[in-house]
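Enquirer: Quick one: this structure, given as structure tokens, is what I'll be asking you about.
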Amino acid sequence: MFSFVDSRLLLLIAATVLLTRGEGEEDIQTGSCVQDGLTYNDKDVWKPEPCQICVCDSGNILCDEVICEDTSDCPNAEIPFGECCPICPDVDASPVYPESAGVEGPKGDTGPRGDRGLPGPPGRDGIPGQPGLPGPPGPPGPPGLGGNFAPQMSYGYDEKSAGVAVPGPMGPAGPRGLPGPPGAPGPQGFQGPPGEPGEPGASGPMGPRGPAGPPGKNGDDGEAGKPGRPGQRGPPGPQGARGLPGTAGLPGMKGHRGFSGLDGAKGQPGPAGPKGEPGSPGENGAPGQMGPRGLPGERGRPGPSGPAGARGNDGAPGAAGPPGPTGPAGPPGFPGAAGAKGETGPQGARGSEGPQGSRGEPGPPGPAGAAGPAGNPGADGQPGAKGATGAPGIAGAPGFPGARGPSGPQGPSGAPGPKGNSGEPGAPGNKGDTGAKGEPGPAGVQGPPGPAGEEGKRGARGEPGPAGLPGPAGERGAPGSRGFPGADGIAGPKGPPGERGSPGAVGPKGSPGEAGRPGEAGLPGAKGLTGSPGSPGPDGKTGPPGPAGQDGRPGPAGPPGARGQAGVMGFPGPKGAAGEPGKPGERGAPGPPGAVGAAGKDGEAGAQGPPGPTGPAGERGEQGPAGAPGFQGLPGPAGPPGEAGKPGEQGVPGNAGAPGPAGARGERGFPGERGVQGPPGPQGPRGANGAPGNDGAKGDAGAPGAPGNEGPPGLEGMPGERGAAGLPGAKGDRGDPGPKGADGAPGKDGLRGLTGPIGPPGPAGAPGDKGEAGPPGPAGPTGARGAPGDRGEPGPPGPAGFAGPPGADGQPGAKGETGDAGAKGDAGPPGPAGPTGAPGPAGZVGAPGPKGARGSAGPPGATGFPGAAGRVGPPGPSGNIGLPGPPGPAGKZGSKGPRGETGPAGRPGEPGPAGPPGPPGEKGSPGADGPIGAPGTPGPQGIAGQRGVVGLPGQRGERGFPGLPGPSGEPGKQGPSGASGERGPPGPMGPPGLAGPPGEAGREGAPGAEGAPGRDGAAGPKGDRGETGPAGPPGAPGAPGAPGPVGPAGKNGDRGETGPAGPAGPPGPAGARGPAGPQGPRGDKGETGEQGDRGMKGHRGFSGLQGPPGPPGAPGEQGPSGASGPAGPRGPPGSAGAAGKDGLNGLPGPIGPPGPRGRTGEVGPVGPPGPPGPPGPPGPPSGGFDLSFLPQPPQEKAHDGGRYYRADDANVMRDRDLEVDTTLKSLSQQIENIRSPEGTRKNPARTCRDLKMCHGDWKSGEYWIDPNQGCNLDAIKVYCNMETGETCVYPTQATIAQKNWYLSKNPKEKKHVWFGETMSDGFQFEYGGEGSNPADVAIQLTFLRLMSTEATQNVTYHCKNSVAYMDHDTGNLKKALLLQGANEIEIRAEGNSRFTYGVTEDGCTSHTGAWGKTVIEYKTTKTSRLPIIDLAPMDVGAPDQEFGIDIGPVCFL
């Protein structure tokens, strides 16, 4: 049963499902189908083509191939027009029975000649003729272009010649040649299709009559006839067996208030309590007397260095330092704007031979050649005029049978044929009409009892039958089902008080009581002895930085620093405008710190600067060495109270102090957690009888007996609910004094004393904890990428995708099996009634038939596929009907047919003599109620019923008297005393700790207010049976209850003893039996008549009203537990639970307010490339999401007693509403994250372009992306250029050291050498930053390429005596590097422009002995080519040739 809250969830899900509904549904009539623009109704069958057959099944088109029968044994099979399967033209469609074939008729005349067939298809083309001779040469073309254009055309020119000859344009076409001679005639065409068939011949004479057919199938059994009228009423049966025990008595009255229970046994001493927590530090003690002045201490060790002062003013400029060494080459810059076009260079040397040019245009036709040999025959010409008729040729071979012609006109009827032989037996005919009823036959011999038939359909209600003989007494019926509980009776008078029961056994030990309230604070204890000095406290927090000192003198210039390593290549910035001439270069990176100079003189103190903002806390530094102790300073002014320190570890227990006076009683503590269930108590005395078992199935009711005497009153009802707890008993004796308690917490601090004189120097303290970190230093360089974290727990299952598009139609299924035979037809109308037959002898009793109602017909099966089309028989003309043949010989006697349909019921016969009583049959299903019979005479008084079941529990008793006070418990063991806490200011109130085990019992409290009733307790173990109490007075009869549902059958009870016979009822008058009139209105109740004769047994009456409860029966066996009662009223709210486990990390909070403005940054790298081009084609559709991760509402179990409805309990609803609201909030947050990703590891974006679109104001930087979506564990960290939307992936190792990587055995032989493939220490370049998984990056790059339209990458080649691109000596690009793309394509410096890279700086053109660099840039729309994975220089191999590589990030847009 859904609640409305669940339906809200469903609505949410349904709303999202609706999004996925297709929109292509057409409004076609329900169940019809459309194919090729034609509409078919449901169950229509059609053939879209000859060999396919289709059926429309409730809107679905099912098609199947027509399966043809094998015609391999038919030499001249034909396929009729519009059909699929071949048929034998000379096979008659009707079957021939070999034993009586008819005589063959004479052959018909040959039909007239058919029309001439259509011309055959044209023959294949002949082989083409030889080409014609070339035409004459054309006139010369105009002059070619000037020499300046030569380099553009230089596919190949001679190195020795200075210029180049360029062919002119093509001349005009020559004149058309003469037509060629005619070709030879073509080969003979294929044979045309056969002509139409001739008319059919006249039909042959009719064959002889076939022999008689086999006997037809036996007809189906007829339906059962209507039942006869009911017989007359039989005489009354003997008295029925003793009735079942009456239903349970009404609930007893409310019991008297119970006596107070005996005092409980004295409890065991409680376990020792846990060691107490150290007390909170006391307040300062009263000031001590001033001590004598101490000796001056030794000079302390230097203190730790103070925090950095504020930045001083700039010093005067120092003297210029010596120039540092040349720094390493910076990362490659981004491509500059194209320079102005240079002047034409000197003509280069002749290049190597270029590739073969594309095929030229065809030349002008040559002169006509000599005539070629005769060509193959040409295509057939038009048919010539018809020639004269030739002489008849030899008869040709018979042609293939032509296509079947249309049926000829029907020929004249033939003469009647001779009389045929007897035909085959015909198929069984349809059932004839019912014949007239025959005369009744003589009674047959009594047959043996037939087998049990199936149970017929239930007949219509019969008329009353004649009275039967009295039947034998039935077996005692099973107990009837228990009725519904009656309405509450009027409360009976109060019973006499029961005897006081013997005291019960001691119950199990109770669960520990709630902890007592904490006692009030005790009086302050006597002042303790002065404690030994505490260990030194932790260092205080660093104070605010002091005022800035005056500027120091400029220090001497440091020595030049060592050369730093080259930095990682930066991302491409946007292209900047051309700048003005640059300022002098920036100062070099600072060198390592020089030796410490001599300290300058202190400047005078400046004015106090304002305190700087607190820097973020740095990570904790390592423990420094302890400093020398400083001089003892004067005490400073009291600082603000520090934050509470972490609790110290537990100290060693102190000596036991003198016991303090008992404190006043504290406030009540939090209730402890529920204790462990105690061991079960000893078995109690046997309890009272359990509730009666479920009633057995209801037996057939006996004839009603006369009402019995009123039974003795029912048992007193079960005791009422437990009364409220009695008032607390009197206070118990005071317990023995406990052992000495732990020392009290130190008293509150006294007022502060006067400052004493400085004491003697103390021993050096233990080194204090390191102080808090100073303000943060300048940001360090970016660290190396960390190792990948452990794989997180798998995320929740991803949302299921939207429903996919419907699949294509499946292959047509195989041909369906033949459908089931249809349901049997209805029985025909009954014939007229025959005369009454003589009564037959009584049959033997048949064996009882198996029970079972006749099943109804099943629903019709689904539409089968259409069967294959049958062969088309050629229609013959129908002959005249032959004379009837002589009757065939009589067939063999058929086997006995199945039983015919039951004839119509005859008039009721005279009653036959009574047969012997049959064995009792199985209990039939109950028939419909007959008309109510006349009331029977009252039977003899029934035996008194068994004593009724114990009544329901009475009302709750009144509150009991207070119990006696229990004896005082033994004092618990002394707990260990807590360690003395360090003295400090009181900490903030901590959260309540977990409840400790129960302490010893407190003194008796004042009586509390009466609590609300608690929840029902769990059922206790079954007690022993109690003694029977005295009978109470009878209760007033209750109103009859509604009948209850039939329970499962209980065990039969033991038969009760026979009760005393009751007095006979007053006699009634005997009424004459009148005909049954229509039911009149209910009359007033008549007076009791005189005793009549004993009447015949009446029909079964309707169930009477519930009688008054009978006397109590003997106790039944323990019944099963009853169904759970309805839930009680909601109890008071429970105590606060223990603190839950820490929740999961919350979702990231909203972005905080912008921080303060940072310092001006250093000059940034060169800007990114220019604005993006026009938008690319739309990307692939994004994956949908679904809501399968919604939490399913928990399935509520129904109580045994009936369904539990959600709205029955408002608190449940509130909780579930809260749960739904929380789910919806979480869901909307998740959907928001899907729609607007944040680029974090937990919520990665798909590409930087997505981030730019969702968060256009975010800054460029590193973000996480997950192009393949799904689980975010394989997300990768990239740089997002937020101005362009580019996604840039760094290489794993961006810098390849500058050194000699390759020594060639033959340095003069120059060839390209791949760095990763061939060089011994080389490697192919990988991407994704340090610590990333290469497999994850490879997959993500594949998706990134698919979603991008353009990719760019720069590579810087650092060279020493190695040419990278242009060779200065030769002026060509032969020694230029090769690059290998991600799809293993080679990218070159020259050649096809799609596979060539460019350079933005070329400093590696010659061997100068100095380091230079060339910056290569490759930009492509074929994103699969990037990133670059290998590089091959050519100009390497000599010992003085060195190189290094900086690999830039690959950026996708």
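Each residue, glycine too, has its Cβ placed from N, Cα and C.
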Enquirer: Test of record reading: of P75, P518, P763, P799, which one does Swiss-Prot tag as 4-hydroxyproline?
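Expert: P518, according to Swiss-Prot.
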Enquirer: To which residue among P538, P682, P1178 does Swiss-Prot attach the annotation 4-hydroxyproline?
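Expert: Going through P538, P682, P1178 one by one, Swiss-Prot flags P1178 as 4-hydroxyproline.
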Enquirer: Which candidate, C1280, C1288, C1359, does Swiss-Prot give as the disulfide partner of C1451?
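Expert: Checking Swiss-Prot, the candidate bonded to C1451 through a disulfide is C1288.
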Enquirer: Can you check which of P197, P418, P913 Swiss-Prot annotates as 4-hydroxyproline?
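Expert: Comparing P197, P418, P913 with the record, Swiss-Prot tags P197 as 4-hydroxyproline.
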Enquirer: Compute the centroid of the Cβ atoms of D1266, N1268, Q1269, C1271, D1274, then list the same-chain residues not in that set whose Cβ lies within 8 Å of it, in sequence order, for the Ca(2+) site.
Expert: P1244, P1267, G1270, N1272, L1273, A1275, Q1340
Enquirer: With every protein chain in view, how many other Cβ atoms are within 10 Å of the Cβ of C1271 (Ca(2+) binding site)?
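Expert: By my count, 13.
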Enquirer: Including all protein chains displayed, how many Cβ atoms other than that of Q1269 (Ca(2+) binding site) lie within 10 Å of its Cβ?
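Expert: Its Cβ shell of radius 10 Å holds 15 other Cβ atoms.
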Enquirer: In the domain 'VWFC' (31-89), how many residues does DSSP assign to helix, to strand and to coil?
Expert: 0 helix, 25 strand, 34 coil
Enquirer: Out of D1266, D1274, which of the binding-site residues is least crowded by other Cβ atoms within 10 Å?
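Expert: Candidates: the binding-site residues D1266, D1274. Fewest Cβ atoms within 10 Å: D1274.
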Enquirer: If you run the three-state DSSP split on C1248 (disulfide bond), which class comes out?
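Expert: Looking at the DSSP assignment, C1248 (disulfide bond) belongs to a helix.
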Enquirer: If you measure from the Cα of Q1269 (Ca(2+) binding site), which of the disulfide-bonded residues C1359, C1404, C1451 is the nearest?
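Expert: Closest by Cα distance to Q1269 (Ca(2+) binding site) among the disulfide-bonded residues C1359, C1404, C1451: C1451.
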Enquirer: Would you count the other C-beta atoms found within 10 angstroms of the C-beta of C1451 (disulfide bond) for me?
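Expert: Its Cβ shell of radius 10 Å holds 27 other Cβ atoms.
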Enquirer: In the structure shown, which of the disulfide-bonded residues C1248, C1288, C1404 has the fewest Cβ neighbours within 10 Å?
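Expert: It is C1288 that, of the disulfide-bonded residues C1248, C1288, C1404, has the fewest other Cβ atoms within 10 Å.
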Enquirer: State the count of C-beta atoms found within 10 angstroms of the C-beta of C1280 (disulfide bond), not counting that atom itself.
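Expert: Other Cβ atoms found within 10 Å: 28.
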Enquirer: Give the mean pLDDT for the domain 'VWFC' (31-89) on the 0 to 100 scale.
Expert: 88
Enquirer: When a 10 Å sphere is centred on the Cβ of K254 (O-linked glycosylation site), how many other Cβ atoms does it contain?
Expert: 18
Enquirer: List the residues of the same chain that sit at least 6 positions away from N1268 (Ca(2+) binding site) in sequence and have their Cβ under 8 Å from its Cβ, in sequence order, or write 'none'.
Expert: D1274, I1339, Q1340, F1343
